[in-house]
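Novice: Residues annotated as (6S)-5-formyl-5,6,7,8-tetrahydrofolate binding site in Swiss-Prot, with sequence analysis given as evidence: ARG22, GLU85, ARG124, LYS458. Under the heading domain 'TrmE-type G', Swiss-Prot lists 220-379. Among the features that Swiss-Prot reports, K(+) binding site is placed at ASN230, THR249, ILE251, THR254, with the record citing sequence analysis. Per Swiss-Prot, the feature GTP binding site maps to 230-235, 249-255, 274-277; the stated evidence is sequence analysis. Sequence annotations record features per position, and here Swiss-Prot assigns Mg(2+) binding site to SER234, THR255.
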Amino acid sequence: MTEDTIAALSTPPGEGGIAVIRVSGPDSQNKVKQIFRSSRTDGNFNNKKMYHGQIVSPETNRILDEVLVVFMNKPYTYTCEDVVEIHCHGGMVPVKEILQLLFSYGIRPAEPGEFTKRAFLNGRLDLTQAEGVMDLITSKTNNLKNVAINQLQGNLKQKIDRLRDDLVSVMANLEARIDFPDEDIDVEDYHELKHRIDNAKVDINNLIASYDKGKIIREGIKTVIVGRPNVGKSSLLNLLLGEERAIVTEIPGTTRDVLEEVINLKGIPLRIIDTAGIRESEDKVEQIGVKRTRDSMEQADIILVVIDSSQELSQEDKQILTMAQDKTSLLVLNKTDLHEKLDIDEIDKLVSQIPKVRISALKEEGLDKLEEHISELVFGGQVMQTEELVITKARHFHSLDKVKEALSSAEENIKAEMSEDLIAIDIKEAYDYLGEITGETASEELVDRIFNDFCIGK
């Protein structure tokens, strides 16, 4: 348990009906009682019951706000410490005054993520659950929310703990051999050890394989809209967004920079990037935009190539199609509300493997088909399910990869009939890397880095 008491605003700053100030630590309840004037006269407060009253400055007897206060006794609180929540009126002035009063009584401002960090240090949460808290708060799709809830409920922790228990059993077997070297070692025992390691590797590989899906859920799909100037790229972006965010004019080359927006497609965040039109230009600013477009195409997960179907295929169109042919791409034939002059056979000769969809961004026609095609490119047209265990964090992936390497090394040493000491070192290494994920063996630097990414008040 920590010895100091902290406080911070736990709800978003700004105007609102209610703001919640959280206070945690050994002096939280005593300090708040000194500034809280309750409607009750006896001064006794029951655990986890809400009380009406006023926050008053004892020195001036000035009322700062009318509030509701909840006193929560350790260890059954978020931080496992004594906690008080002050529900005051939303707005910067009352919140600021109440916090300043608390700080004047020796309570210090909470650091980013410190409430959740205390929950971790006091054993209420492991690191994966703590990360689940932040993902739940910042989730923009149902899929990420579901994954976050799974982590918060301890599903990943339980999986890692089971794997660590299995490795403890293997290490105990090896240590027994080391401690009693005179006993005969049956070859079958080595086979059994290898069998246990193989089973652990299957689980590790399944978790590693889930990262591709988890990364999509967390980071989204980088989708780049490309095409020559004035084919309707910005109109397409606005159609996907359902609102006008990009400039739409008849002037070619209007979009000279890269615009990025995020949409929710079947639970997957699609990071849509509208780029400058690709064409030869003497304009230095436009040239920079074109270069950024090429760079975006190189880094894209999906490329939407927009072609004006009311015009014949131009040399610039052909150049863009050639650039996109080796990428995961979708050909968007825009302006279908106009007479079609495009020769589809000519396109097929260039890039027959790129799927096509016809739309009219101006008339808002073809959006459903477009989304179906994008969905097909991303995950085979299926709605991504998140009930199964997936990892979404790069640090989890890298730790699991190290676990896999250590277990593979142990298998090689068993196969080569190396000493139990060497095999035990590999198993212990795998055990510790698993502990990094849950926080059991994580360094103080890693823990600080994780919680520094949190917001103040969380």
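Cβ atoms here come from the backbone N, Cα and C positions, even for glycine.
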Novice: If you count Cβ atoms within 10 Å of each one, which of the binding-site residues ARG22, ARG124 comes out on top?
Specialist: ARG22
Novice: For each of ASN230, LYS233, LYS458, count the other CB atoms within 10 A of its CB; which of these binding-site residues has the top count?
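Specialist: Top count of Cβ atoms within 10 Å goes to LYS233.
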Novice: Return only the integer: C-alpha distance in Å from LYS458 ((6S)-5-formyl-5,6,7,8-tetrahydrofolate binding site) to SER234 (Mg(2+) binding site).
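Specialist: Distance (Cα to Cα, whole Å): 38 Å.
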Novice: Can you tell which of the binding-site residues ASN230, LYS233, SER234 lies nearest to GLU85 ((6S)-5-formyl-5,6,7,8-tetrahydrofolate binding site) in space, using Cα positions?
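Specialist: That would be SER234, the closest of ASN230, LYS233, SER234 to GLU85 ((6S)-5-formyl-5,6,7,8-tetrahydrofolate binding site).
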Novice: Round to a whole number and give the Cα-to-Cα distance in Å for the pair LYS233 (GTP binding site) and ARG124 ((6S)-5-formyl-5,6,7,8-tetrahydrofolate binding site).
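Specialist: Roughly 50 Å, rounded to the nearest whole number.
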Novice: In whole Å, note down how far the CA of ARG124 ((6S)-5-formyl-5,6,7,8-tetrahydrofolate binding site) lies from the CA of ASN230 (K(+) binding site).
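Specialist: So the alpha carbons of ASN230 (K(+) binding site) and ARG124 ((6S)-5-formyl-5,6,7,8-tetrahydrofolate binding site) sit roughly 57 Å from each other.
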Novice: Averaged over the whole of the domain 'TrmE-type G' (220-379), what is the pLDDT?
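Specialist: Mean pLDDT across the domain 'TrmE-type G' (220-379) comes out at 78.
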Novice: What does DSSP say about SER234 (Mg(2+) binding site): helix, strand or coil?
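Specialist: Once the DSSP labels are grouped into three classes, SER234 (Mg(2+) binding site) ends up as helix.
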Novice: Taking the Cβ of SER234 (Mg(2+) binding site) as the centre, how many other Cβ atoms fall within a 10 Å radius?
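Specialist: If we count other Cβ atoms within 10 Å of SER234 (Mg(2+) binding site), we arrive at 23.
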